[in-house]
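Enquirer: According to TrEMBL, the transmembrane segment annotation covers 26-47, 81-103, 115-135, 141-164, 185-211, 223-241, 253-271, 304-322, 370-392, 412-436.
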Amino acid sequence: SCLCGSAPCLLCGCCPSAKNSTISRLLFTFFLFLGTLVSIIMIIPGVEKELHKLPGFCEGSGSVLGVQTNVDCSSFLGHKAVYRMGFAMAAFFCLFAVLMVCVRSSKDPRAALQNGFWFFKFLVLVGITVGAFYIPDGTFTSVWFYFGVVGSFLFILIQLVLLIDFAHSWSQRWLRNADEGSAKGWYAALCTVTFIFYAASIAAVVLLYVYYTKPQGCTEGKAFISINLILCLIVSVVSILPKIQEAQPHSGLLQASLITLYTIYVTWAALANVPSQRCNPTLLVRNSTGSATGTEPLTAWWDAPSIVGLVIFILCTLFISLRSSDHPQVNKLMLTEESGAGAGAGAGAGPGGAEEGGVRRAYDNEQDGVSYHYTFFHLCLLLAALYIMMTLTNWYRPDESLQVLRSPWTAVWVKICSSWAGLLLYLWTLVAPLLLPDRDFS
C-alpha cells in the first residue's frame, strides 16, 4: 500500500502525528536533495573520471560539448552530468507543477498524485534522469546554461524574500520576549547578534578589497564592493529613522545586519566569477585536455562561495517545505496559508485521531482546502534545482570554441543584480507603511 498509498503510510510507529501536506512537501524535498547528492557525487574527481565508461557519454558519442571524440573530454564529464541531472529534476518538478494546476482540496483526484504513489514517482524521476543522459550534445549545454541563469536569479529572489521574512520574524520574537520577560537579557542578545553580523560584514568587505581588487585596474570589483557597501549603509540608517520606527516598531538593526551580511556574501559570490585571473585569485579555467589554470587545483569544482551557497540552498528549501510565515503578506506572496486549511476536517481527522485498525499517525488537513499552493511549490523546487545546478558548476559554461569552460560575466551581473534587488526589496518593506498608509502592514 505504501507504493500507491498516501504519504503518511511511510511513517513508522514511533513517528509523531503530522499533517499529510507537511509529509508530502518533505518527500518532494527529499527527491530534490537526492538529486543534489547524485550531482555532487558525479563531480567528485574519481567518479568524474569514470563517467566516460557510460555508453555514448564520452567516447563514441560523436561529440562532447561540441568537441570531437579524438579530444580528451574527461574534464567536461562532471559538468555534463550535473547539467543533465539538473535538467531531469527540473523536468520532474515541471511535470508536477502542470499536473497540479488549480487543485483546491484533497478531494480532487489529482491530490492523490501529490500525496501518494511515491514509489512510482521515484521511478519517473529515475526514468527522466536516464533519458537526460542520452540527450544529444549539440547546443544543449549552451542553451540550458541560460535556463539555469534565469531560474537561479528567480530562486535567489525567493531566498531574499525568505531571508527578509526570517529577519523580521526573528526581531519581533525577541522583542516580544523582552516585553514579556527579562528585558535586559533579550536586548543584550539582540545587540550581540547584531554586532556579530556587522563585524563579520566589515571583515568580509576588507577581505574582498584585499583579494579581489588591485591598486591598478579591477575597476568592476571596486565598484561592486563600494556600491553594495553604500547601499547597506543606507538601509541600515533607514531602518532606525524615527518615522520608520513609528510605523514599524519592530524594525531595527538586526534585520539590517542580516541583510547586509547576505548582500556581502552575494557580492563575494559574484566576484568569484569575474573572468580575470588578476582580479579573481579563485578563477579556474578548464579546457578539453584536462589542464587547468588558477590557484585552485583541478581536483574538484568546489570553492568557498559554492559551499556557502549549498548550505543556504538547503536551509531555504527546508524553510519552503516546513513552515508558513508569521506575516500574512509573505503567505500571500508564497501562496501559503497561515495554518493548514481544513485541519481537523473530516471524521476522526486530526492529531491523535483514531482510525479503524489502529492509531492514526498522520491526518489529512486539506479536505476543505489545500494548505499550500501545489503548483507554486513545485515551481519553487524547479527553480531550486536550477540554482543548485549552477552552484555546483560554479556558473561556468563552454566558451565559443566549446573546448574551454570559463566563468562568464553573465554570472557576475546576475548575482550583483540579485543583491541590488534584495536591498531594494528590504528597503520597500521599511518604507511601504509610510507610502501606503491605508494598507495593513502589521
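The backbone N, Cα and C atoms fix where each Cβ goes, and this holds for glycine too.
Provide an account of the burial state, proximal residues and distances for the features listed.
Expert: Away from its own ends, the transmembrane segment (81-103) comes close to residues 28, 31-32, 35, 38-39, 42-43, 48, 51, 110-111, 113-114, 124-125, 128-129, 131-133, 135, 140-141, 144-145, 147-148, 151, 370, 374-375, 378-379, 381-382, 385-386, 388-389, 392-393 of its chain (Cβ-Cβ under 8 Å, at least six residues beyond either end).
For the transmembrane segment (141-164), the residues of the chain that approach it from at least six positions outside its boundaries are 65, 79-80, 83, 86-87, 90, 255, 258-259, 262, 266, 312, 316, 319-320, 330, 333-334, 380, 382-387, 389-391, 395, 397-398, 402, 410-411, 414-415, 417-418, 421-422, 425-426, 429, judged by C-beta separation under 8 angstroms.
Residues 171, 174-175, 177-178, 221-222, 225, 229, 232, 252-254, 257-258, 260-261, 264-265, 267-268, 271, 281 of the same chain, all 6+ positions outside the transmembrane segment (185-211), place their C-beta atoms under 8 angstroms from a C-beta of that stretch.
Non-local neighbours of the transmembrane segment (223-241) in the same chain are 201, 205, 208-209, 212-213, 251-253, 255-257, 259-260, 263-264, 267, 270-271, 416, 419-420, 423, 426-427, 430-431; each lies 6+ residues outside the stretch with a CB under 8 Å from one of its CB atoms.
For the transmembrane segment (253-271), the residues of the chain that approach it from at least six positions outside its boundaries are 156, 160, 163-164, 166-168, 170-171, 174, 190, 193-194, 197-198, 200-201, 204-205, 208, 212, 221, 224-225, 228, 231-232, 235-236, 239-240, 279-280, 305, 308-309, 411-413, 415-416, 418-419, 422-423, 426, judged by C-beta separation under 8 angstroms.
Sequence-remote contacts of a segment are chain residues at least 6 beyond its ends whose Cβ falls under 8 Å from one of its Cβ atoms, and for the transmembrane segment (304-322) they are 22, 25-26, 28-29, 32-33, 36, 158-159, 162-163, 166, 265, 268-269, 272, 282, 334, 377, 380-381, 384, 387-388, 391-392, 394.
Here the transmembrane segment (412-436) has long-range neighbours at 149, 152-153, 156-157, 160-161, 163-164, 168, 220, 224, 228, 231-232, 234-235, 238-239, 243-244, 247-248, 251, 255-256, 259, 262-263, 266-267, 269-271, 273-275, 395, meaning same-chain residues at least 6 beyond its ends whose C-beta is under 8 angstroms from one of its own.
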